[in-house]
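As annotated by TrEMBL, S-adenosyl-L-methionine binding site applies to Arg44, Gly82, Asp103, Met149. As annotated by TrEMBL, Mg(2+) binding site applies to Glu150, Glu153, His154.
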Amino acid sequence: MFPTRLLRSSTVNANEIAHFSRLSAEWWNERGEFSFLHKMNPVRMQFIREKLLETAYDEQPEEAVDAKKVGILEGLDVLDVGCGGGLLSESLARIGARTTGIDASESNISIAQHHASLDPRLASNLTYKHAPAESLLTQSKRYDVVCSMEVLEHVDNPSMFLKTCAELLKPSGHLFLSTISRTPLSYFLTIFMAEKVLREVADGTHTYSKYIKPSELLEFFQLYRSSLPYSVNGDSVQTQSRPWITRLYSGEPTRKEAEVRGMIYNPLSASWVIAPRGAWGAAECNYLFWIRKPALNDTL
């Protein structure tokens, strides 16, 4: 499935945290170290909104969805795992999501808190915590949406990380990831060009062996079953959901279970775009991934 790595009890890699902690002051410099993420952020938000709207139209009357189309995230509990300086967290909070951003780097959280404090409107629905994702599992709170953008390629034990994100979701909740596929093209663009030649990104930011192919994510969620609470004669017990992905058609999941979409950077316009569904080769480098947790009654 995933590349073989040393298994750890935590997903946090101390070297990765130290690397990003050193760069934390750069988070809100739109022309600095994280300029690509600033340009990517609107596309990530677009994907999140579009998928939530799509599932809402599948389940609710069209007029009801149209009425809340602009505020589709309003009132939802959203967790941003590996929030960094808060680029995505602030965007989510500004359109009404009750957002919690967590990061294993204390300096990242300090930067995120400071920047959010500059806008009093964010105080009511944006919270930051210095914490790894697995530390939240002991708490009762679960989320409608969990996002982890450009994080998966930096963690140790990706299987444990994905399970953690999955279990932090409410039944029927949405998991959004963005990461980098492990291909010759991604090595050339993200390491050789971005780090070594153009020096747009600090040397050592990426490790090729930690990149995850879309097919590996699909395989993981074909096998993964989450624990669900179930009541028998008033007693709470645990059962398991169906696999999150029940089947693939020509290598692709059904539209209602999961989706992979490539993200492509256009150097002429200095902007990112989401590739059309099924576009050949579009997910060979950066890509977005969405999957939905089975509902309480989705058991096998």
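Even glycines carry a Cβ here, placed using N, Cα and C.
All features noted in TrEMBL, drawn onto the structure.
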residue : record                               : CB count, 10 Å
Arg44   : S-adenosyl-L-methionine binding site : 23
Gly82   : S-adenosyl-L-methionine binding site : 27
Asp103  : S-adenosyl-L-methionine binding site : 30
Met149  : S-adenosyl-L-methionine binding site : 23
Glu150  : Mg(2+) binding site                  : 21
Glu153  : Mg(2+) binding site                  : 22
His154  : Mg(2+) binding site                  : 23
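For Arg44 (S-adenosyl-L-methionine binding site), the nearest neighbour among the listed binding-site residues (Glu150, Glu153, His154), judged by C-alpha distance, is Glu150. Counting in whole angstrom, Gly82 (S-adenosyl-L-methionine binding site) lies 8 from Glu150 (Mg(2+) binding site) by their C-alpha atoms. Across the residues annotated as binding S-adenosyl-L-methionine (Arg44, Gly82, Asp103, Met149), the widest Cα-Cα separation comes to 19 Å. Cα-Cα distance from Asp103 (S-adenosyl-L-methionine binding site) to His154 (Mg(2+) binding site): 12 Å (rounded to the nearest whole number).
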